[in-house]
Each structure stands twice: as C-alpha cells, then as structure tokens.
Amino acid sequence: MPKYVPFQPLSLPDRTWPNQTIRHAPVWCSVDLRDGNQALINPMGPAKKMELFKTLLRIGFKEIEVGFPAASETDFSFLRELIEQQLIPDDVTIQVLTQARPQLIERTFEAIAGAKNAIVHLYNSTSTLQRRVVFRADKAEITKLAVDGATRIHELASQVSDGRVRYQYSPESFTGTEIDFSVEICDAVCNVWQPTIENKTIINLPSTVELATPNVYADQIELFCRLFKFRDRAIISLHTHNDRGTGVAASELALLAGADRVEGTLFGNGERTGNLDIVTMALNLTTQGIDSGLDFSNIKEVRRVAEFCTELKVHERTPYAGDLVFTAFSGSHQDAIKKGYDAMKESGQEQFEVPYLTIDPADIGRQYDPIIRVNSQSGKGGVAYLVENELGFRLPRRLQVAFSQVVQQATDSTGQEMPAREVGKKFLETYVSPPAELVYRSHKPLECDLEDQEMFQFSIEYQGVAHEVVGQGNGPLDALVHALTEKFGLAYDIQDYQEHAMEAGSGSSAAAYILLKTPEGTELYGVGQHRSLTKASILGLVAAINRCLGLSRDATSKR
Ligand SMILES: CC(=O)SCCNC(=O)CCNC(=O)[C@H](O)C(C)(C)COP(=O)(O)OP(=O)(O)OC[C@H]1O[C@@H](n2cnc3c(N)ncnc32)[C@H](O)[C@@H]1OP(=O)(O)O
Ligand SMILES: CC(C)C(=O)C(=O)O
Ligand SMILES: [Mg+2]
C-alpha cells in the first residue's frame, strides 16, 4: 500500500463553472477573531481582539465571527463587552462558533444575549476519515449529532426576543466528505431549521483541509448546489484553508461554481498554512474593476494591526501587502515599468496599464517611488527611473546604458542593493561634479565679424590657476572647446548634445548632457544643470572634460 493515496475527484463532466466569471463581490465574513485566533502561538487578549475588531469594522466587514465563546472565557467576555458596551454597529452581524454539544450551545446563547444580530454557527466533522478515527461513528450517528445540535439551537433561538438570530451549519471537513452525505446532512439540518427565502440559512462548505487542486473543490461546490434541496433558501458559504497553497484559488473557483459568501482572514492567518487570504481575494476583484466592498486603501495600517495582534509577520512576497511586491529588481522589469508609467503620463489615460503591476500601488496607500530598486540584476531602465525620480534628470539612452554599468560595477563589488539615494549620489559624483581640474566661473560674448560664428571670453580655473580664455565657434560650447584646445591642448570632440527643462519643483532649471570623445576614442558623458540653459550646457561640457582629464590621469598613474 503506498504511503500517499491520490485524492479521488468526483465525476462532473457537465460542470458549468469554468464558463463563469466573477462579476460581483461575495458576502464577506471575517473569521480572524476565531479561526485566525485559535491558530496563534499567543492567542489575542481582550485589547488586541478589540483593536482587530475595530479594524475589521473600518475595512467594512458586515459579518464577523468574533469567537468560540463556549470554548474560551476570553471569547465569552469579549462578546459580552461588545454587546454590553454597544460596540456592534446595527448593520454588522456577529457570528459565534459552537460544536454540536448541548452545554456548549447553551453557553453560546448566554454569550450572545442582547445582540441585535447574531449568527450561531454549528459545526461537526463529516469526513470519512474523521467519522472513522475521531468520532468512530457511522453516517446516521454523525447526522444525529448535527440534527440534535440544530434542534437545540432552534429551541434556544425561538426564546430570543430582543435580537435576530440566524443559523449557519458547517459539515466540517467537507472536502473529505462524500457529496451525497454532505447534502444529506445539510438537508437534515435544514429540515430542523426550516429556512425560507426571506430568512436563509448559511450553509458553509469548508475546505477544512485542502486535499486536491482548486478545480476539484469547485466541482464539489457545483455538485452540492445541484443536489441540495434547500439551495434556494440557503446562502452557500466557502471557507478554504491553504494546505496546498491554493486557498485563494479554491475560493475564487468555488465562487464561479455558485457560492454566495466567503469566510477568511486578513493575510490568510489561520490553522496550519492558513485560511483564505481575504485581502488578496478582495484586491484581486479590485484589479478586475469589481467593487469588493472592503476598504484596503490604507493597507499598511491594516497590516500593522494584523501583525501587532497576531504577532505574525506578513511575508515580503504576500500579494499586495508584502514589502517587496511593488519592487522590481531585474533590469527588463524596471525598464518596462518605467516605460509603462511614462506612457500613462503621456497619454493621460485613466486605465492603469503598467507592465508587471496589476494594481496602482497608490490605490492601496502604497507609493510607487520605491517600486524600483537597484541591485546587480538591474539594468538601464531601473537606474534611469531612479535618477529621474530622485533628481529630475531624464537620461539619454546612451547615458542610461553607461550609468547602469557604473551602478552594476558598484553593486557587483558590494553584492548589495544600492538604495535610490545612493544611486542619485553616484550619478551626481560621476557626471555632474566629477573631480575638477577645470572650473568654469563665467563667460561673456564678444564682438565677432564672421558669419554663423560667435566669440566668447571665459573665466576659468585650470589646475588651480585662474585664466581668461577666448574662443570662437558656432555657439558657446564650440567656442569653449576651441579656446581650451588652443590654450591647453585639450582636444575633445563633442559627439552628442541633449537638453531638457527640468520639471517644476526642481527649480525650473535646465539639464544638458554632453558626450565628448577623447583623441584616443573614448566617449564620456558630462551633465550640467542650471537655471540658464547656456550655463547648464557649459557646465555639462566642463564636467565631461574633467572626466576625460581624470581618465588620462588614471592612465598616467598606472603607467
Ligand atoms: C476546523 C475548526 O477550526 S473547528 C474549531 C476548532 N476550535 C476549537 O476547538 C476551539 C477551542 N476548543 C476547545 O477549547 C475545546 O475543544 C472545547 C472547549 C470546545 C471542548 O473541550 P473538551 O470537551 O475538553 O474536549 P475536546 O475538544 O478534546 O473534545 C473532543 C470531543 O468532542 C467531540 N467533538 C469534537 N467536535 C465536535 C463537534 N463539532 N460537535 C460535537 N462533538 C464534537 C469529539 O468527538 C470528542 O469526543 P469524545 O471526548 O467523546 O472523544
Ligand atoms: C469550523 C469550520 C468552519 C472551520 O473552521 C473549518 O472547517 O476549517
Ligand atoms: Mg477553518
């Protein structure tokens, strides 16, 4: 006998769910304070429970499972505090879990006394495995347990006069239960509760343990809905766990299969590998243009509260909320993200279309400036994005390539990420203010008789000595190059010149990019920035010359 036996999926060749799409949000129920809490190393005390409860209200949950009051004094008194202090808004229903045991049910009703709206959630396990090893009971005995529990709940609920009590039943371990038996036991419970179209019962079909691929769960839900006699008088609820890492997928596919409601927790906290991550599922809907009804516009705050209350960290790669999910390290991703943002800016379009990003980080209170980070895997796109973001320089393509090599050398040698500010600093010290043998002070135009030519006098310092040099050319840059060649024998050719106005906020100055070629054929960029475009250009040229001079200094010192 093999140690692991494959799950035997049911046969549903005429399944319809693959042809469906999700068009609206389900009813959400948070089980953070119960299923999430029961799975914590340090279960929440009253203060943490209250903080999380208030956060769940702010997010917009209208159904919240607040505990298992018959199992825990903390849960019981928390519930009493919520009710007695009138902390439950009228449009919010609290839910409480109980096993199908009379004393526990009675204690549960004591806990909810005075609540305006409550769901009493009854469960018992129905799977073949649990029937055999835990309950050692046959189907009839398991059904009797559920029916007796449902009956006691019905009796106690009929005595409640000051609030509305709704019913929920979970055939726990539904995924490991034969569908016929799940239907049979849910029908039996509903025969007791007699739901109506106006007063539906919630039938929660948990993937208590995720045993198979998510499509199998969807088949189970679709078939259950077809066979269940009370389908029209029931709200079909999902409750997935994440043992195979597909808790979200299973809930999404099962919604296609006809479910109406979903239980889960923030960031998927819960037993073992966790519950359904409601944040992910809700924001997946947002990315499809569907209003989830939940507010995650400040996801950092939601995460802070969840981490504080559960004492568990949200992983860096957790969808939407993780530290690294709006960060692209690799070059081609960075390049594409930059181009995507540029294209959106240029076209002014509202539709969010940026490669590699499914959601606008700003919509969930995150910023996109730390999206791009630079390490040795990065390329020109990301490096250029950071320089533009940090300093306002829009680098010409060849300069992007050149600077990304400078950054790569630095990150390769340290093996570390280079933070945005460091990238900016590296850019400035490499291209804008490299070590200066030549310093520009000022310039003034002189009379020039030659057509298409201009003459200038430049005040400069070269190797620590002040000079006045005169040169002529087709503009100030050409004139300075000629003056320096004549006076000091500095023979560099301008290969490329580009400029742009810098965006408002950076002092409405101009940036100029000068590519110089040395007599040996090396090409080096210099960059200038100034309120005057002419001065920005001269400063860029002087920076490029200083880089050329630095290169020959290095070559001499190596000889
Ligand atoms: C999948 C889920 O998340 S289910 C929710 C699980 N959550 C919790 O259990 C929360 C905390 N639970 C507890 O503190 C305890 O289990 C209590 C207080 C509820 C009950 O405690 P105890 O009575 O000491 O017993 P314990 O939990 O060990 O009980 C197991 C017994 O209950 C029976 N049982 C288990 N679940 C159920 C159920 N849903 N309905 C009826 N009986 C049940 C078992 O068969 C077993 O019976 P046995 O003693 O005859 O063998
Ligand atoms: C109590 C039930 C719904 C549960 O938590 C589960 O089956 O996972
Ligand atoms: Mg659960």
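Going from the start of the chain as shown, residues are counted 1 onward.
Glycine too: its Cβ is placed from the backbone N, Cα and C atoms.
Listed by TrEMBL as binding Mg(2+) are His239, His241, Asn275; the candidate from Asp35, Asp449, Asp452, Asp478 that the record includes in that site is Asp35. Mean pLDDT of the predicted structure over the region 'Regulatory domain' (434-559): 93. For ligand 2, the binding-site residues lying close by, meaning a CB under 6 A from one of its atoms, are Asp35, His239; the full candidate list was Asp35, His239, Asn275. Here Asp35 (Mg(2+) binding site) comes close to Glu65, His239, Glu263, Thr265, Gly270, Glu271, Asn275: these same-chain residues lie at least six apart in sequence, with C-beta atoms under 8 angstroms from its C-beta. Classification of His241 (Mg(2+) binding site) by DSSP places it within a strand. The Cβ centroid of Asp35, His239, His241, Asn275 marks the Mg(2+) site; residues of that chain outside this set whose Cβ lies within 8 Å of it are Val31, Pro206, Ser207, Thr208, Thr240, Gly247, Glu263, Gly264, Thr265, Gly270, Glu271, Gly274, Leu276, given in sequence order.
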